[in-house]
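**Q** Have a look at this one.
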Amino acid sequence: VSTMSAKNSSEGEEKASGRRNDTLGEAEKGQVICVAYVIAALDLTLLFMQMGVTPYLAKSLGLDSVGFGYLQTIFGVLQLVGGYIFGRFADQFGARAALILSCASGSVFFLLMSLSSSIPILFLSRLPGVFMHGMPGAQKVVTDVTAPSQRAVALGKLGFCFGVGIIGGSSMGGVLSTKFGVYVPAYVGLVGSLINTLIAMVWIPAQTKPKSDHHMTEHSDLFSIGEILRLMKFPGVMEVFLVKVFAGLPIGLFMIMFSIISMDFFGLEAVESGYLMSYFGVLQMVFQGLVVGKLTSHCTEMTLLRLTVLVFAGVGLGMALMRTVWHYCIVTVPLVFAFSTLGTITDSILTKAVPSSDTGAMLGICASVQPLTRTVGPTIGGVLYKQFGVSSFGYLQLMVNVGLFVYLLKSKIPLEEMKSK
């Protein structure tokens, strides 16, 4: 009898848990996802706006190119370290708390920038960057409220926000700083970040994750090497993460050096470089908004991952052979496709490969890839460009991705064993 009652009790709990999983209706989930997109788009717009203005602000304060390199490296290191901590914070305190933390940190960041009348204050303004992770925060919201089968499409549409950020932020920063002064973008950024904070507080639910999944992880430390290693031991995680890191690394080095390459190799003025960035942003919006989602409904994620690596190899060959800016415009089309697909597919695979209580930490680890590239990129990219020229980035991209493609064809990554029950 006791066994029967225990069984009935267990079944009752499971049914109750099932009802709690649906605390957000489909319409509410759609609304929350739209709000996450708005927050991500505004956050990225403000981020790209300050990226375009910071060199001029630094120059006006008397900071030379070496000092500016240090400034960028510090920001990259802070983002690198903070990505995982932010993800763990999101797992333990919820996606809304994490987004509020990110937006509030952005407010402090822009406030300090607006007060940067000296080089030390400008360096101090980078410190809030450790918690500025608007995109991973939005990804966490989307991951929490979508089913695994819908995740790649929903995450892919976040890349549309990235395109909006590139186009809107780059143009806004240039116009505002030219017409109204170099500090005005910082004031606009401060107001925008405060608005983003309010949006997150009002429109994002306190619990975006199903209640049955909403529990503390076994280790509550916000930063733990052991926790990172634990996540990497889940089936397929290490393999997919390494593909994510290395597939786009050579192109990432090229993009970091792009401002110098555009001047020295292509002979472009600052305005023309801005047009190229806008072109990049438009392509990003097209691929993320229209192409990636459709592909995920027709192909498996592993097939798309192999296709992406193969396209990256072709991009490398094209970059090795390019000689003019028009060649680069042609190569950029498959380049943006590969970048968009790689980010979306790997994030989707990796968040489904770990328990739902660890998706924030996994997204934080994924978000650390770009800061890592920004940290080591200026040094490695500078050596490659100075010693071997622009074509070296293309040849490196070709060799790395041919090797990855062969590896993906031969290896049997166990992607079936996903999600702890």
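Just so it is clear, glycine is given a Cβ too, placed from its N, Cα and C backbone atoms.
According to TrEMBL, the protein has these features:
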COMPBIAS  10-21  compositional bias 'Basic and acidic residues'
DOMAIN    29-415  domain 'Major facilitator superfamily (MFS) profile'
REGION    1-21  region 'Disordered'
TRANSMEM  30-49  transmembrane segment
TRANSMEM  61-86  transmembrane segment
TRANSMEM  98-124  transmembrane segment
TRANSMEM  158-176  transmembrane segment
TRANSMEM  182-206  transmembrane segment
TRANSMEM  240-261  transmembrane segment
TRANSMEM  273-292  transmembrane segment
TRANSMEM  304-326  transmembrane segment
TRANSMEM  388-409  transmembrane segment
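I'd like to know what surrounds each of these features in this structure.
**A** Beyond the transmembrane segment (61-86), the same-chain residues lying 6 or more positions past its ends with a Cβ under 8 Å from any Cβ of the stretch are 54-55, 98, 101-102, 116-119, 122-123, 126-127, 129-133, 136-137, 222-223, 228, 360-361, 364-365, 367-368, 370-372, 374-375, 378.
Within its own chain, the transmembrane segment (98-124) is flanked in space by residues 36, 39, 43, 46, 50, 54, 57-58, 61-63, 67, 71, 74, 86, 89-90, 130-134, 137-138, 140-141, 183, 186-187, 189-190, 192-194, 196-197, 200-201, 204, 360, which lie at least six positions past its ends and keep a Cβ under 8 Å from the stretch.
If one looks beyond the transmembrane segment (240-261) by at least 6 residues along the same chain, the residues whose Cβ comes under 8 Å of a Cβ in the stretch are 232, 273, 305, 308-309, 312, 315-316, 319, 335, 338-339, 342-343, 346, 349-350, 353, 365-366, 369-370, 372-374, 377-378, 380-382, 384-385, 390, 393-394, 396-397, 400-401, 404, 407-408, 413, 415.
Sequence-distant contacts of the transmembrane segment (304-326) (same chain, six or more residues past either end, CB-CB distance under 8 Å): 240, 243, 247-248, 250-251, 254, 266, 268, 276, 295-296, 334-335, 337-338, 341-342, 345-346, 349, 390-391, 393-402, 404-405, 408-409.
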**Q** Using a Cβ-Cβ cut-off of under 8 Å, list the residues of the same chain that are 6+ residues beyond the ends of the transmembrane segment (182-206) and lie near it.
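**A** Same-chain contacts beyond the ends: 24, 28, 31-32, 35-36, 38-39, 42-43, 45-46, 49-50, 53, 56-57, 60, 94-96, 99-100, 103-104, 106-107, 109-111, 113-114, 116, 134, 141, 172-173, 176.
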**Q** Cβ under 8 Å to the transmembrane segment (388-409), counting only same-chain residues 6 or more beyond its ends: which ones?
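**A** Same-chain contacts beyond the flanks: 243, 246-247, 249-251, 253-254, 257, 261, 265, 302, 305-306, 309-310, 312-313, 315-322, 381.
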